[in-house]
Amino acid sequence: MTITLTSLLLRFTGRSSSSSLRIRTYMASTDASPQPTPERTEELREALTDIRQRVAAAASSPSHTPTLVAVSKYKPASDILACYKHSQLDFGENYLQELVDKASLLPREIRWHFIGTLQSNKAKALASIPNLYCVQTLASTKAASALNKAIPAERTSPLHVLLQVNTSQEDNKSGLPPLSPNIDVASSELSQLASYILKECPKLRLEGLMTIGSLEQSLSASETEKNADFERLRETREVLKEYLVKEHASAFWGHEVTGELVLSMGMSSDFEAALRAESDIVRVGAGVFGLRPEKVL
Ligand SMILES: *Cc1c(COP(=O)(O)O)cnc(C)c1O
């Protein structure tokens, strides 16, 4: 039995308010079995319920059900299992080895989303995860080709991919430049990558676009003010869609049901703004699992 600092803190301070981020401490589990404690299971149930309610309230229309991806990087497999027991199926991970390890311990019904930097030479390890559902960070033909080739023959469904767009154009962010109506779309990197996937990568399903956006936009955009990065991703989708309709009319792309290019944008600090800007997929880490330790480089 483990007593985490968190449970001690909770005992002394009581619960934090449901809408604010809870500060929890990450305890690496040395236990091979991923069973969560009853306390942690209850804590995660409450956090998930809260985030799900906020997602539903901020969704752009009642008929639109956004996907909540719980970003579980640095968090133990037991935390993921606790959320899974509360019907959470979509989880996001940034680091390949961490994802490989967790996927091997956890139920096959989980839909894994890879949201980290994709290195072409690691495509094989990534693609061999049988329940890898989506790679959200595709940004080069080299990586697309490596991924397509690495998908095992026994995989029956295509691997969903999203193209990462650097909407804030910051040097420290990955992704391809966004599109706007007054550029030569056909010569853009984004349209070329999309075309390459549709023509050369039959095992990939081009589903949409993903962005992170700048912290500054995330903090300054208020209830009424729009987040410029999210608006840029929307505009990029419209321009790319027009191009695909014209150039790849007979190809399959977009959401399997609606046929629309989906948008993955919004994290703990800005997912409500992202949903108001018609995001389809939000990626929430700290809001579900509590804060992570700073990454030490
Ligand atoms: C870590 C991460 C998230 C989740 O961030 P939070 O602020 O914890 O919600 C979402 N998307 C990407 C790409 C990430 O790396």
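Keep in mind that glycine also has a Cβ here, set from the backbone N, Cα and C atoms.
Curation does not apply to TrEMBL; its annotations are automatic.
Keep in mind the model is a prediction, meaning the values are calculated, not measured.
Annotation source TrEMBL lists domain 'Alanine racemase N-terminal' at 53-293. Taken from TrEMBL, the feature N6-(pyridoxal phosphate)lysine applies to K73.
The residue listed as 'N6-(pyridoxal phosphate)lysine' falls outside any helix or strand according to DSSP and counts as coil. Every protein chain shown contributes to the tally, and the Cβ of K73 (N6-(pyridoxal phosphate)lysine) ends up with 18 other Cβ atoms within 10 Å.
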